[in-house]
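J.: Just passing along the structure, written as structure tokens.
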Amino acid sequence: MIFLIAIIPALCWGINPLLVGKINGHSENEMFGMGIGDGLIALIFWLFSQPTVTISGVTFGLAMISGAAWAIGQLGQYISYRLLGVSKTMPISTALQLVGTSLIGVLMFGEWGSSNQKILGLLAIMLIVAGSALSAGTSDGRKKGFSCYLPLLMTTIGYWIYSCIPKLVKVDALQLFLPQMLGILIVAVGWAIYHQPTVYRDKQSWQNTLPGILYGIAAFMYILSARSIGVTNAYIIGQLSVVISTLSGLFFLHERTGQQSIVSVATGLLFIFMGCVTTALI
């Protein structure tokens with residue numbers, strides 16, 4: 001059952017680039033819709049569960065920082081979809097996130113404690129990084145300058161922060177969920193309105209609430225799985241989203257493979273899947 005919970009974020013995160021690409025708005029529209037959608041999901045879960053608030057102000061603030069950091073990471077992905085394409089952004093983003101979250105989980109939280117677990121974990125990381133490298137470069141065959149990669153490189157730290165904070169605070173996952181979503185709502189909507197004051201008038205802004213709702217569901221399920229199987233395992237399983245998003249970029253958003261053969265892409269995705277399965281079995 002916990003594996004099913006852990007795989008839901010991968011499905012939601014994988015589908016979202018396709019939805020965002022089909023809506024075809026701007027980064028401001030996407031951030032606005034994401035913030036509203038996440039806030040709506042948080043409110044629904046909160047009303048239905050009616051949890052008693054027992055967390056301290058410090059814990060509440062840390063959870064908000066976690067959500068705000070995630071919004072920064074997602075902004076980098078939205079920008080990179082246009083600069084690099086979905087099918088190139090997602091494999092690179094996966095590898096970047098993996099390195100950071102793995103180091104955090106192992107060094108800060110003592111995960112993969114035994115020698116065998118460390119060997120299997122290292123093997124899983126190698127498979128996923130190799131798979132991401134093989135799968136990348138599938139956008140249109142044109143070379144990209146380093147500046148096109150900067151938004152993704154600079155904002156990935158947001159995902160690292162988001163993934164580790166739930167492990168720092170020993171409270172019920174539902175207690176963290178609302179403040180996390182509030183952090184996303186404030187940063188995402190605030191950034192969108194700051195850069196485009198009339199963003200709320202755009203049709204694409206409200207269409208992007210659907211991806212935002214799916215992100216909210218994924219975030220809730222991620223918190224549950226991270227507390228059960230570890231932040232590293234939960235996050236790596238979530239990176240199966242790269243399989244869904246890369247294929248959707250190629251076949252539904254019509255991004256081209258350029259000189260890289262489809263065999264290389266398929267092999268890379270297989271490596272990623274094998275790495276995620278290996279991690280789940282540690």
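Glycine is treated like the rest: Cβ placed from N, Cα and C.
Features from Swiss-Prot:
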- 2-21: transmembrane segment (TRANSMEM)
- 31-48: transmembrane segment (TRANSMEM)
- 53-75: transmembrane segment (TRANSMEM)
- 90-112: transmembrane segment (TRANSMEM)
- 119-136: transmembrane segment (TRANSMEM)
- 146-163: transmembrane segment (TRANSMEM)
- 176-194: transmembrane segment (TRANSMEM)
- 209-226: transmembrane segment (TRANSMEM)
- 233-252: transmembrane segment (TRANSMEM)
- 262-281: transmembrane segment (TRANSMEM)
J.: What parts of the chain pack near the transmembrane segment (209-226), using Cβ distances under 8 Å and only residues at least 6 beyond its ends?
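T.: Sequence-distant neighbours of the transmembrane segment (209-226): 2, 5-6, 8-9, 11-13, 15-16, 19-20, 23, 30, 33-42, 45, 67, 70, 74, 163, 166-167, 173, 176-177, 180-181, 184, 234-235, 237-238.
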J.: In the same chain, who gets a Cβ under 8 Å from the transmembrane segment (176-194) while lying at least 6 residues past its ends?
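T.: For the transmembrane segment (176-194), the nonlocal Cβ contacts are 28-29, 31-32, 34-36, 38-39, 41-42, 45-46, 55, 59-61, 63-72, 74-75, 166, 169, 200, 205, 216, 219-220, 223.
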J.: Please figure out which one of 2-21, 53-75, 233-252 racks up the most CB pairs under 8 Å against the transmembrane segment (90-112).
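T.: Looking only at 2-21, 53-75, 233-252, the most contacts with the transmembrane segment (90-112) come from 233-252.
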